[in-house]
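First up is the structure itself, then whatever we jot down about it.
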């Protein structure tokens with residue numbers, strides 16, 4: 001059994017443990033994923049591969065991650081499309097921006113993408129989002145069309161705490177988001 005653990009407690013301009021793609025960058029202790037313009041894509045990836053699947057045994061590892069984020073938009077009605085925490089092959093490249101959140105190119109299921117994402121979706125896309133039109137947190141498997149969603153009441157400018165956990169024995173991925181203040 002192998003354990004991988006790391007902690008990124010501060011961001012800075014010389015961030016060695018992250019790979020930035022597209023518009024992603026760090027400055028002033030902040031990670032910024034996109035510019036304030038339409039259809040941009042920015043990503044930050046951990047620089048060392050993390051093995052969660054053993055190709056010899058087929059076993060999948062449990063994992064837990066936690067992070068804090070703030071969406072600080074000029075107004076609470078126009079906050080772009082959102083962002084994702086995702087797990088993908090190490091050679092993954094940025095995909096289509098906008099509603100595809102830089103992770104997918106199509107709403108159709110694609111088993112070759114080998115991607116699992118938790119989306120924090122702030123914009124209703126009629127082609128694949130839940131019909132209620134709410135902002136939501138979704139679990140995506142090889143497609144931007146979520147296999148499970150829960151409505152999310154975004155608190156613009158407020159710090160949110162997230163915990164994402166996968167239990168390999170039950171094959172269940174859970175997501176928790178709280179606003180501490």
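The backbone N, Cα and C atoms fix where each Cβ goes, and this holds for glycine too.
Feature annotation from Swiss-Prot assigns Mn(2+) binding site to 119, 121, 129, 136. Residues near residue 121 (Mn(2+) binding site) in space but far in sequence (CB under 8 A, at least 6 apart, same chain), listed by position: 81, 82, 101, 129, 135, 136, 137, 138, 146, 152.
DSSP assigns residue 129 (Mn(2+) binding site) to coil in the three-state reduction, placing it in neither a helix nor a strand. The Ca(2+) binding site annotation in Swiss-Prot covers 121, 123, 125, 129.
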Residue 119 (Mn(2+) binding site) - helix vs strand vs coil (DSSP): strand
Rounded distance in angstrom between the Cα atoms of residue 119 (Mn(2+) binding site) and residue 125 (Ca(2+) binding site): 13
119, 129 as binding-site residues, winner by CB count within 10 A: 119
Additional residues surrounding Mn(2+), by Cβ distance to the 119, 121, 129, 136 centre under 8 Å: 82, 120, 122, 125, 130, 135, 137, 138, 146, 149, 152
Residues flanking the Ca(2+) site, with Cβ no more than 8 Å from the Cβ centroid of 121, 123, 125, 129 and excluding those residues themselves: 81, 82, 99, 122, 124, 128, 135, 136
